[in-house]
Amino acid sequence: MGCYGKYAAVTLTILSVFLHLLHAFPDGEFLMQGCPECKLGENRFFSKPGAPIYQCTGCCFSRAYPTPMRSKKTMLVPKNITSEATCCVAKAFTKITLKDNVKIENHTDCHCSTCYYHKS
């Protein structure tokens, strides 16, 4: 009978650790490996109760394809594979003016599109 008590204690300990982890990551972030998909997320800095502000957040995958021969000829260092990064950007938005005449975009739809602004 004492042996079953130890198994019950171990089982309850494992269950409590699992429940603690479940509550520690509210949006299921522990299940996501890497970056979440491109979608609308609430911007908590600009949002006010009853007036949420949304922005596009998340990741998109890059595309890779064979470099066309005509492009390869113009490269200083020819490469066989060309990649094109895609970013999570607003497909549709509305412009909003906050107090102090701060103008922002409230995103209403997101999609993955070619990145135009790259970090140097």
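Each residue, glycine too, has its Cβ placed from N, Cα and C.
Which of C35, C110, C112 pairs with C60 is settled by Swiss-Prot: its disulfide partner is C112. Per Swiss-Prot, the disulphide partner of C115 among C87, C88, C110 is C87. Bond annotation: of C3, C56, C59, only C59 is listed by Swiss-Prot as forming a disulfide with C35.
Partner cysteine of C38, as given in Swiss-Prot, is C88 (from among C3, C88, disulfide bond). A count of other CB atoms within 10 A of each Cβ picks out N106 as the most crowded of the glycosylation sites N80, N106. Within 10 Å of its Cβ, the residue among the disulfide-bonded residues C87, C110 with the fewest other Cβ atoms is C87. Rounded to a whole number, the distance between the Cα atoms of C60 (disulfide bond) and C35 (disulfide bond) is 9 Å. Put simply, of the recorded positions C38, N80, N106, the one whose Cα is nearest the Cα of C115 (disulfide bond) is C38. In this structure, the disulfide-bonded residues under consideration are C35, C115, and the one with the smallest number of other Cβ atoms within 10 Å of its Cβ is C35.
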